[in-house]
Amino acid sequence: MQIATWNVNSLKVRLPQVLDWLAARPELTVLAIQETKLEDHAFPRAEIEAAGWHVAFVGQKTYNGVAMLSRLPLEDVQFNLPNFDDPQKRVITATVGGVRVIGAYVVNGQALDSEKYPYKLAWIDALIAYTREQLAQYPQLALVGDFNIAPEDRDVHDPAKWANDVLVSPPERERFQALLDLGLKDSFRLFEQAEKSFSWWDYRMMGFRRNAGLRIDHVLLSDALAARCTGCEIDKEPRRLERPSDHAPVIATLAD
DNA sequence: ATGGCTTAGTGCCTAAGA
């Protein structure tokens, strides 16, 4: 099976690209989507189901919003972090083919001196606790999404420029490591990868053409799943399209 | 050049993203 994550930056705008992408990937089993930016009544459920997908979603106006699409039925669907009271719709969890998949849109944080930064750190602490609890119940677990953290300097196009900025600060990276310490592997780093591999590029400054990006979208796999993982790739093709999302999808492949 | 673009809503500018 293949597990993917993609921050689409508005599902309303990107739905045709998402459906095209899914149609071209018959091996894909489950896709976690972030930043749908849609209230539930406006979610394009019929179009997605017509394409042969099961779907669950939780959203709000303008910001955030997450969805999970699956070829197999979505079981035991859970919305948001049960241990963190939060009006922002950022998490969706479901069991697919015996695999527990947590799709997360981690808080951006905006800047180190923003009030959103301590919110980000507290939010990730709750995600860590929730993932620990889920992992105890479901040894076959994938935590995927837009983490808004570049784990290492090699995940940053220009580490000097980004030094001490949000997305790379030590408290954020320590929390990313705390997630790994629960017993998760960054599937992308299980394999040899090209240098300067990124999953997000700024719309401005010709970021994509210059490959001035960050690797902030991740597929983390429990040890049981990591043992089955045969590959992980970032698909840059959708980023080349007209009117792209600023993020590229990340796909991990698991042997049966 | 500490910004350039893209999105949605309050709507023709503003806030936010990363």
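The backbone N, Cα and C atoms fix where each Cβ goes, glycine too.
In TrEMBL, annotation is done automatically, which means it is predicted and not curated.
Together with A:Glu35, A:Asp146, A:Asn148, A:Asp246, A:His247, TrEMBL lists one candidate of A:Asn7, A:Asn164 for binding Mg(2+), that being A:Asn7. Separating the Cα atoms of A:Asp217 (site 'Important for catalytic activity') and A:Asp146 (active site, proton donor/acceptor) is a whole-number distance of 4 Å.
In the structure shown, the C-beta of A:Asn7 has more C-beta neighbours within 10 angstroms than that of any other entry among the binding-site residues A:Asn7, A:Asn148. When the recorded positions A:Asn7, A:Asp246, A:His247 are ranked by how far their Cα is from the Cα of A:Asp146 (active site, proton donor/acceptor), A:Asn7 comes first.
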